[in-house]
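As recorded in TrEMBL:
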- B:77, B:82, B:118, B:122: [2Fe-2S] cluster binding site (BINDING)
Ligand code: SF4
Ligand code: SF4
Ligand code: SF4
């Protein structure tokens, strides 16, 4: 590609001939405001907040779609440019309910930030507010169409990244709305609850369902023994809510913060991730040995589970029957732990801190009550925990580090890497290799399955058997792998699928912003946390070993089947 | 009634052709009279276009309709002249009389209602059309009687 020379605000810059003015300016350190723009996914020039003046052009140009040219002279901050942008923002705000003080996105809203940056002092137009009511039918997400600026970022992500298209632009003119077909409630359609739409929404028009009140109530109830589990991905992201760098590993501070909130026990989903490896690894080996259905596909990610139930029902028997680590934890907290601690399971209240909105749906699935109670009572996202900590006045960064409680807080590095794409596969290989070969694995790293490539393929030799592996993250990538398997184009033995781009660290419940760069930093944090663990293979987890000895007896045994395994239902594509 | 063989063939001809969406919707509306939910689902599955996109197209073009047409089509003119002479009062009265809003059809399938831009009879406003009959300078009090004529006509036709 040939390159061109132009100037932006008097600064000479070079760019690829097909680059946009926006990309070029950003690379040169010149900030142009945007609202509807989402890199590579949504480039539609709709909001017109990125207008710039191009000398010789009659009208102001939207920088996100306008291309550079040789000799072009661009100005991004002349009075007419600023005035035009301001007018467009005022028009967008003219039918926006300006409830910032009581809004879920207060202080973390792109629209609010733009108004501040533009220095808006008044909004000269008073428009009618969109007539659509709030939709809280989904167990995971709330839609508030009044706050929608019709940027379509959510539509782009749901379609292009997730391959779901649960929502799209409906109706026209003033009645335009982003919604499912027939304006049906989100909870009634084939939405997988991944929350990727909420991550990219610039406003509070789609956000997680806030369940912090239920947790505050449980913490205040003296009758309740409130235990909490933290997913692997939360320890590398919660710091961002308090101004720390993305990917900073803050495990010890997270534990301290939860204890400070008043949880009776602070446990770790990494423990049940190790347990998942014992069960799922055994399942893989048994399917290989006994000619069971292959490829075996992982089942930790509830957005992915709902996706396959809707769109690939023919492959349901390929899924591992293992519950996700969150649900294994819940089942054990109200059985094994209840017995050990001598507490009536009716009094135990299990809270999960998850990077994920789909986990809210998963916890409410009717079959997730193998303890005789709902195994997990409430799921909070990383963002909701951040809010609780702020409400409680926790000065996160100044906390001193603390340790998880025994026994459900003991884990290995294999548990923590569940948080990144490829992690479940790698953790399973670390254990399967040693169980099959009887040799110690050195080094333990399987780097071929790491990284942000959408689909990763690898092979590994297990005592003479060549195991073919695939890893996909983001459901659009999952479709590619599943289509290749269904058509017979490819054969694999074991496939890991995570619903969200980057794996759980990029989940729909994570701090906003979550973008490619931040995902990469969180992944680096996950592998740092892994390296720092004294034990890095699930079968070496002493608390898991004790669990089998005292309670479960053996992987895939009778009790395991009762508590740790599940089944799936086809749901129909609509 | 819909010729199900013709319908199946139409879908089969456009299997996995998202670009044919508008064309297929047109044909479907001709065949079914309107575009009910089940028909849109069949189109979505056959052409491989997500249902949310299919409905997006249907709800964007006013040509497409998702509710069955009544036996009698009421059109109210909301052009400026008719509007100032009381289209809104007529709309209110129709809603009281039939429980009907623009774009809807009564539960008994007798009437459907639409609002149109300008029928070009501005001197006669407010203008209402039922099927091919034009009613000029309609006042709310006259509505009940006008509607009754059509109900009666329907009953007589059935009885005959
Ligand atoms: S969405 Fe943003 S701008 Fe709108 S009320 Fe909430 S914080 Fe304010
Ligand atoms: S939660 Fe996921 S599937 Fe549902 S609308 Fe949002 S992006 Fe689409
Ligand atoms: S819901 Fe959010 S992301 Fe989607 S169009 Fe509206 S403002 Fe944009």
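Here the Cβ of each residue, glycine as well, is placed from N, Cα and C on the backbone.
Sequence features, as recorded in TrEMBL, placed on the structure.
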residue	record	DSSP class
B:77	[2Fe-2S] cluster binding site	strand
B:82	[2Fe-2S] cluster binding site	helix
B:118	[2Fe-2S] cluster binding site	coil
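Counted within 10 Å of its Cβ, the other Cβ atoms near residue B:77 ([2Fe-2S] cluster binding site) come to 27, all protein chains included. For residue B:122 ([2Fe-2S] cluster binding site), the count of additional Cβ atoms within 10 Å of its Cβ stands at 14 [all protein chains shown].
Residues B:78, B:79, B:80, B:81, B:83, B:117, B:119, B:120, B:121, B:125, B:126, B:127 surround the recorded [2Fe-2S] cluster site, their Cβ atoms falling within 8 Å of the Cβ centroid of B:77, B:82, B:118, B:122, which are themselves excluded. The least crowded of the binding-site residues B:82, B:118, judged by other CB atoms within 10 A of its own CB, is B:118.
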